[in-house]
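This report concerns only the one structure given below.
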Amino acid sequence: MGRTRTRVDDDDDDDDDDDEDDDDDDDDDDDYDDYEDPADPSEDDLFHLFDNFPTPIPDTSTPMIPPVGVQAVALSSDSVRVSWADNSMSKNQKSSETRYYSVKWRGSHSSSTKYKSADTTGLSHTVTGLKPNTMYEFAVMVTKGRKSSTWSMTAHATTYEAGYIVYYTLDKNMAIDDWVMEPISGDRLTHQVMDLNLDTVYYFRIQAKNAKGVGPLSEPVQYRTSKVEHPDKMANDQGV
């Protein structure tokens, strides 16, 4: 029986040891729960990281007003003058600020959506290099610093119909109505007069015309035809 008690006492000691080990494990678990990795910030720390970033300030400045009263007036067969007003500038205000105006244009009936453009610091701009007898649309935008307005309402203008009238005669003292007249359509700058007499002096004058009427006559220019027929003319007459 005594050995039995001894064996039981040993088991109790083992159980006590096991309990102590369990307590140690619990302590370790508590220590693990209380541990904080300094390299792993908490959610609160992450939230406060954004406190140092500045809050964006919305742009509450007044937007640029587009130019108004845009007008387009044809000056010739290839040029149009575009003008406008800038209501964002008072009448007495000098244009000392850095501002410029962009003018864009294209043919009103063009299949292309591309515009041509030009910049100016004034309140008008003359667009050149246009096609005769063609309607164009124009719009203007103002820019100051980094701010720009939207495009203005469009204005339209049709260039003049280009053309010239060539007059010629044997007698330069005759009234202009008695001279032979040959109209030239389009914007061509050369013209060939046919069927003139050989070795004969002719006088020529030129007059420009457009949709608004005709311009002044040029001074008479004298020209003597050749004494023999031009080889090309003879070849054409012979059907060569």
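Note that Cβ sites are derived from N, Cα and C of the backbone, with glycine treated the same way.
Under the heading region 'Disordered', TrEMBL lists 1-48. As annotated by TrEMBL, compositional bias 'Acidic residues' applies to 9-44. Under the heading domain 'Fibronectin type-III', TrEMBL lists 66-162.
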Counts of helix, strand and coil residues, the domain 'Fibronectin type-III' (66-162), according to DSSP: 0 helix, 47 strand, 50 coil
Segment-level pLDDT (mean, integer) for the domain 'Fibronectin type-III' (66-162): 90
